[in-house]
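According to TrEMBL, the protein carries these features:
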| type | residues | note |
| --- | --- | --- |
| DOMAIN | B:85-197 | domain '3-dehydroquinate synthase N-terminal' |
| BINDING | B:89-94, B:123-127, B:147-148, B:Lys160, B:Lys169, B:187-190 | NAD(+) binding site |
| DOMAIN | B:199-346 | domain '3-dehydroquinate synthase C-terminal' |
| BINDING | B:Glu202, B:His265, B:His282 | Zn(2+) binding site |
Number of protein chains: 2
Amino acid sequence: MQAVSSSPSFSLPNAQTATQQVSIALDDRSYSIAIGTGLLDEPALYASLPAATCALIVSNTTVAPLYAKRLQTILQQRYASVHVVALPDGEEYKTWETLNLIFDALLGHSCDRKTVLFALGGGVVGDMTGFAAASYMRGVPFVQVPTTLLAQVDSSVGGKTAINHPLGKNMIGAFYQPRLVLCDLTTLNTLPTRELSAGLAEVIKYGPIADMAFMDWLEAHMDALLARDVEALAHAVRRSCEIKAWVVGQDERESGLRAILNFGHTFGHAIEAGMGYGVWLHGEAVGAGMVMAAELSCRLGLVDASFVARLTTLVQRAGLPVRGPILDATDNAGRYLELMRVDKKAEGGEIRFVLIEVPGQAVMRAAPDALVREVIDTCCV
Amino acid sequence: MQAVSSSPSFSLPNAQTATQQVSIALDDRSYSIAIGTGLLDEPALYASLPAATCALIVSNTTVAPLYAKRLQTILQQRYASVHVVALPDGEEYKTWETLNLIFDALLGHSCDRKTVLFALGGGVVGDMTGFAAASYMRGVPFVQVPTTLLAQVDSSVGGKTAINHPLGKNMIGAFYQPRLVLCDLTTLNTLPTRELSAGLAEVIKYGPIADMAFMDWLEAHMDALLARDVEALAHAVRRSCEIKAWVVGQDERESGLRAILNFGHTFGHAIEAGMGYGVWLHGEAVGAGMVMAAELSCRLGLVDASFVARLTTLVQRAGLPVRGPILDATDNAGRYLELMRVDKKAEGGEIRFVLIEVPGQAVMRAAPDALVREVIDTCCV
């Protein structure tokens, strides 16, 4: 979904910033996230990667023309053969058929089991490249080079990889950690505005679930973020990665705490699946989903209406929808409930919601169907 | 490939034997292999399995009619809903399309991420069920209930799971350990003779690579094994699992030692791929492949010709081919080499052979193409 921006209005005065590092501590699967400008061309960052004969850059038809050649050039200093495969672009292609294009490329180029994969693109490219790396010859190393805000602050960090199934999002995948994540903020200059907003949804979520001081900061800096001020972006990406690293470091495989990162995602996944993958961007669905989850938290007596209003305003300022779509004209709430029951967090048919217990702290809870129906009826257009 | 035997001649006097346990020590992924008769109906064996609402038995169209109902009945004591999916039978179906039948069943029955999968069948069922378990919702528990000799002595133990790709065998998969392996020797009574022989190939391999006393024992008991003497089978399965457990416990992810378990498999995979999956059984290809690998070991000066002759005789007595097929009428050796270069053990295009260094001990080595060509020319019909 990423394209060359039609208005080259993002060359701001402070277009450079010092590179920062965030560490993910997971024993022998630990790794660093590097955040800064111009990282794509910084040879020192690639020096610690595993030696191999072969590397494969996985990108999509939108991002590859922008950045694949640059990454290929720098990787050729380290790997004898560096191949590129460009997947079709969009959530609707996050399927086995597309994944198989990666395996076809690997086997077609006789890539052995030391081959290093590079995911160059957004969340879809990262999720599919990660799952391909987890599965090719039962596991090869991979590196995330996220070029969207959403991927930089969320999906490229923490090792969740997956493809979609017609009956549910991210149903087939693996927990598989990258060796390195390179967040080159310069690549965000080519991100369409709609995608920038979608990424901000995953930035905003870290406030309500973990850090209200960050929510204050976001309220103060939303205009700068939308204007792609590189210092503001650097702070938003770093703080998001720090919070995610803290959560993932405690619960890599989502047996408990990690599920809080899915704030807004239970409603959001229903929107994505109900509308057809790719109609709403993931971040857009999470935006409306967070408002719905906050509303449910309020109706369960956890937070007050002013918190819901505050979050709604921030989501709206980010350019995101704050109301869910009608998925079924006759029984809209029933359709949402049906779709949410196949969410991975559901257990024995019971939907587990991520709710805000107090601002800055999340909790996993079930909720009565009748109350959930009220929320859906209130929050959908 | 397993069918009801047309001659019910396998009801031997000693049709019962005491249950034995072999442990696989892999930290928090440790588990037991239970070996004995009538295990399918032994409720105590299932008592330690994870609690869940849902279980799915994955079998194939040959094995399901024989045993699925019995397993389903006993599992219903523990799980509220127990579903069965029967895959098409044969190595040629070890594909993504077949794997997707498992995901369709899981999602169609709204199975959550605590669901326990049971692989009831041979190596193909076990490999696919294991990979489905590794990937469904990024990982659910699974149990191996192998009903072929090959699966009991080799493929169900050690956590290698995979599907094939048109360009190579087992190219897409995961290291993912089962929670329990149940080797019910009684199920071997329904195994066709050709499949019994194929299983013996993987039994025989443990002698040359690890234990010449076991090779002596096999030479003394080959007739009893072919007659399905249950005490002989129990010993063969237990000793095979012990050796495999010892190897896997030291090198779960095949970074070194574990590769010795692929003795005969580099030539064997070339035979399977070159003939088309399913034309030669895996064990048949390994049988001829072991003779070829022994011949290569001899030509490299590691073992003498009498060892090659001794192994060849044992492979032949097990009812297995001792010569490879002609894969290409004009350049047969060239075709074998081409196919072996995409083997997972190959690195940077160099084929890594598992060779016998001295009888009872294996080593990984490359070999000059010219010598490999001599071996292929000598060992193919």
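Cβ from N, Cα, C; glycine included.
Structural mapping of features recorded in TrEMBL.
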residue: B:Asp89; record: NAD(+) binding site; Cβ within 10 Å: 21
residue: B:Glu92; record: NAD(+) binding site; Cβ within 10 Å: 14
residue: B:Gly123; record: NAD(+) binding site; Cβ within 10 Å: 25
residue: B:Gly126; record: NAD(+) binding site; Cβ within 10 Å: 30
residue: B:Thr148; record: NAD(+) binding site; Cβ within 10 Å: 29
residue: B:Thr187; record: NAD(+) binding site; Cβ within 10 Å: 26
residue: B:Thr190; record: NAD(+) binding site; Cβ within 10 Å: 19
residue: B:Glu202; record: Zn(2+) binding site; Cβ within 10 Å: 27
residue: B:His265; record: Zn(2+) binding site; Cβ within 10 Å: 27
residue: B:His282; record: Zn(2+) binding site; Cβ within 10 Å: 28
Euclidean distance between Cα atoms of B:Gly123 (NAD(+) binding site) and B:His282 (Zn(2+) binding site), Å: 9
Three-state secondary structure, which DSSP defines for B:Thr148 (NAD(+) binding site): coil
Non-site residues, in chain order, whose CB comes within 8 A of the mean position of the CB atoms of B:Glu202, B:His265, B:His282 at Zn(2+): B:Leu150, B:Asp154, B:Ser155, B:Ala201, B:Lys205, B:Asn262, B:Gly264, B:Gly268, B:Gly283, B:Ala285, B:Val286, B:Gly289
Coarse DSSP state, helix versus strand versus coil, of B:Asp89 (NAD(+) binding site): coil
Alpha-carbon distance [B:Glu202 (Zn(2+) binding site); B:Gly126 (NAD(+) binding site)] in Å: 16
B:Thr187 (NAD(+) binding site) to B:Glu202 (Zn(2+) binding site) - Cα separation in whole Å: 18
Of the binding-site residues listed as B:Glu92, B:Gly123, B:Thr190, the one whose CA lies nearest the CA of B:Glu202 (Zn(2+) binding site): B:Gly123
DSSP three-state assignment for B:Glu202 (Zn(2+) binding site): helix
